[in-house]
Every structure is written in structure tokens, then in C-alpha cells.
Amino acid sequence: MGTVVDAPAVVAEEVTENMLGGKKVTVVFVLGGPGSGKGTQCANIVEHFGFTHLSAGDLLRAEIKSGSENGTMIENMIKEGKIVPSEVTIKLLQEAMIKSENDKFLIDGFPRNEENRAAFENVTKISPAFVLFFDCSEEEMERRLLGRNQGRVDDNIETIKKRFKTFVESSLPVIEHYNSKDKVKKIDAAKPIPEVFEDVKAIFAPYAPKAE
């Protein structure tokens, strides 16, 4: 098993003043195309390593459901096929981190593009400890998505191809940016779930809760 020696050193960088009222946090961005299995692994990381899982999509949906003015604006933008501005999503992520009693967060499905990424760092003054990238071929993702009849409307072959293309075009530049800073931990997500989790565990070992 490869041990990750440098991770604790990375965390120290984050103690700059951020916009969470001075709360010190560890943030890990989780990126991977549709069907890469990141949702399953996020649940494992929450259970074994005590992180709080924040999904940008879930936060936006919850805001819409709340019926707030902000929620109505978000809903209208989505209906019109517009992209919700980075600031709106970042504000929701920020509020969720402030409200949480935890200080370790997995941010899933965000940043979706370079503009999101730059805005997140500018607005929150937080730089992620690292980016967990679930790397999976288009063929494997297609096979999984078509086989998982969860009744998702967006899981037909044409839509899957579009979603994959969007992921490659918008998210890969984000991964490249962090790669240039040696902050990307790449996981071969095509392997069976238990094997993928073994790789994840090796990366998160420095963040394991201290034994009582």
C-alpha cells in the first residue's frame, strides 16, 4: 500500500484567514464523471474518516425546496437552462460549512469548471487540501449508468455521452490546474468498489479520527 506522507503538510497551508468567520477547515474537492462511483466512495469516506459530505447539487435542490427568494431564482435559472452563478453555489457551500460542527468537508460535484474554481478560492479564501479524482473511461461509465435503472431520466445513451463530454470539457481544466500544484490524488475508478475504497483509504489515512 502506498502511504501518503505529504498530506498533513498540505493541511497547514489552509490556516490562512478564510471567510468562514475564522473557522479552520480541511476541504477536499471530489471530481469524477457521471457513473464514476464517487457517490458511493463519498459515503465510505464520511463513515470511516468523519468528513461531512457537501453536494453542490443537493444544496441547490434544498434551497429550491425551501421556497426562499434565492431558491426561486435558482429554480428559474435551471428551468431556463442557465448555469447557476458560481457565487450562489459558493454561498450555499459557505453557509453549510459555517453551520456544520465539523471541520472536514468533501465537496462533491464542484468546482465544475475553472470559473467555479477561481471564484471559490477568491470568495472563501480556502484552497483545497487536495482533489480526489475518480478516473473512469467513458465506456465503463456508460456501462454502469445504463445498468443502474434508478429511474433517472438523464440516463439514456445520448444524454450520457453529452454529460461525459461536458465533464471532460469543463472539469478537466480544473484537474489540470490542481495537478500543476501536486494536489490531485487520482483513483482508478474502473476497479471493483472494495478495491477502489482500499485506494481511497490509503489517501485518507492521515485524516483518520484519532483513536480514543
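Including glycine, each Cβ sits where the backbone N, Cα and C put it.
The ATP binding site annotation in TrEMBL covers G35, S36, G37, K38, G39, T40, R148, K191. The feature ribonucleoside 5'-phosphate binding site is assigned by TrEMBL to R61, K82, I83, V84, G109, F110, P111, R112, R152, R163. Annotated CMP binding site per TrEMBL: N116, in sequence order.
Nearest by CA distance to K38 (ATP binding site), out of the binding-site residues R61, I83, G109, P111, N116, is G109. Each of the binding-site residues S36, T40, N116 was scored by how many other Cβ atoms lie within 10 Å of its Cβ, and the smallest score goes to T40. Taking CA atoms as the reference points, G39 (ATP binding site) and I83 (ribonucleoside 5'-phosphate binding site) are 22 Å apart. Neighbour counts of Cβ atoms within 10 Å were compared for the binding-site residues G109, P111, and the top value is held by P111. T40 (ATP binding site) has G109 as its nearest neighbour among the binding-site residues R61, I83, G109, N116, going by CA to CA distance. Taking Cα separation as the measure, I83 (ribonucleoside 5'-phosphate binding site) is nearest to N116 of the binding-site residues G35, S36, G37, N116. Taking a C-beta cut-off of under 8 Å and a sequence gap of six or more, G37 (ATP binding site) has these contacts in its own chain: F134, C136, R144, A189, I193, V196. The two recorded residues P111 (ribonucleoside 5'-phosphate binding site) and K191 (ATP binding site) have their Cα atoms spaced 25 Å from each other.
In sequence order, D199 make up the list of same-chain residues 6 or more apart from K191 (ATP binding site) whose Cβ falls under 8 Å from its Cβ. Each of the binding-site residues K38, R61 was scored by how many other Cβ atoms lie within 10 Å of its Cβ, and the smallest score goes to R61.
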